[in-house]
Amino acid sequence: MVIKPPVQGLNGRLALAIAAAAFGSAFQHGYNTGVLNAPEKLISQFINTTVHERTGSYLDEGTLGLKWSIVISIYCVGGVIGALLTGIIADKLGRKGGLLWNNVTVLIAAVLLGFAKAAGSYEMLIAGRFVIGFNNGLNAGLTPMYLSEISPMHLRGSIGTVYQLVVVISILVSQILGLEPLLGTETRWPWLLAVTALPAIFQLATLPLCPESPKFILLNQGKEIEAQKSLTWLRGTIEVHDELDDMRAEYEAMKLVSRVNLKDMFTSASLRMPLVIACMMMLAQQLSGINAVIFFSTKIFESAGLDTLTSQYATLGMGAMNVAMTLISLVLVEKSGRKTLMLVGLGGMFIDVILLFLCIKFQDSAAWISYVSIIFVILFVVMFATGPGSIPWFLVSELFSQGARSHATSIAVGVNWSANFIVGLTFSPLLIAIGPYVFLVFATILGLFWLFTFFKVPETKNKTIEEISAFFRQRGYN
Ligand SMILES: *[C@@H]1O[C@H](CO)[C@@H](O)[C@H](O)[C@H]1NC(C)=O
């Protein structure tokens, strides 16, 4: 009798490669996204007193607010640059090589962030945020690409979802560590920021044990024997002929066409449509209003009568729901498919955000309405985690064959970070200008992305990359 593993194709070595790549990179991304929420007042006051020590005068609210928003937003600028360099780095150093080298930037950032207070320099904070942003932008491109390339076809979506799973877990970890009894104090906040070095050390210890992506070795470097070794290691069996044959066929097909350059991405009809789809899914994730709702959550909880501490715990509960739903979507993505989950998620968010708008608009007319809005806030996050949170990261890898994948990833992830940057800059002014109507703006955007997904996005579940790119060629898509 043959005992089957619980999930076909998953074995200890593949799990190690997934953990080494995802934990060592997505942790940086999630952690640094969330880490400055809790200690905002502490770090602002540090900037204020630093300036006072240098110049003898304190900062007024406007100038301090401006310096703080630089600390926050320079992170996305670094992210955009890192993302745009993904393609070059992934092809020159490899997926694994790029990830390993990227840990150098984490260590630099951790030193800058961790010693800024001791050195009395808020400029070090700004520099550190830029460097860690660069690291995160690059990770968000390299890791989903590596994960997708080492996965067996029927697990590609689940393994790709691990990236977002680690992101949401580490956002939660950053919020918990930022609480006052832990690292959220005047003396301990530098430690809170320096924690980001730990996953880098983990990755430096584990990823060298894992092989480079077999697809990269064969299709980019043309080394057949090494590719076979890598695949054998990852699958835990020497019976990898079928998979290797598929890769070889892709290699032969690739040799017939000229190398894809950046310009082809925009001019070739069979590349342009998948690129538009990948970028639209990235935009759907960032423009959905998720950050706005999370930003609003504490206020909504407080207006429902929860005190500040309870509201903080409710925010943590919301983060936990995000983790739980992302975990569920990791299974669903191979059963229902990517397109279905994107449609359910975006559609659910669309309806939810309209109801949330009504609740906020009429919350003074009855006490129970505030409680209902708590439910809608949590449901919004759950719907986000169903698909829009995780799928865009790995879908771009699925939509392109080897020759175009790294360029496509660069562009799509660059679009993601740019949108993140723009939402961060415009949300507050928009909120001041139009108040809760900002939720209707998000509803409109969600509706449009739902329609786009319904009409244009193909299902990629259980299809080989060759089948997916053949689909775009045949459609003569324009
Ligand atoms: C800066 O610090 C001083 C002294 O603690 C305080 O009076 C002032 O309000 C602070 N400025 C801002 C904008 O918080």
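Backbone N, Cα and C atoms are what each Cβ position is placed from, and that goes for glycine too.
In TrEMBL, the feature transmembrane segment is placed on 408-428, out of the ranges 240-260, 408-428. Against the transmembrane segment (275-301), stretch 369-396 shows more Cβ pairs under 8 Å than any other of 100-120, 340-363, 369-396, 408-428, 434-455. Of the candidate ranges 68-88, 126-147, 434-455, 68-88 contributes the most Cβ pairs within a distance under 8 Å of the transmembrane segment (408-428). The stretch in closest packing with the transmembrane segment (159-177), judged by the count of Cβ pairs under 8 Å and taken from 100-120, 126-147, 313-333, 434-455, is 313-333. Distant neighbours of the transmembrane segment (340-363): 281, 284, 288-289, 293, 300, 303, 329, 332-333, 369-370, 372-373, 376-377, 379-380, 382-389, 391, 436-437, 439-440, 442-443, 446-447, 449-450, 453-454, 457, 459; these residues of the same chain sit at least 6 beyond its ends, with a Cβ under 8 Å from one of its Cβ atoms.
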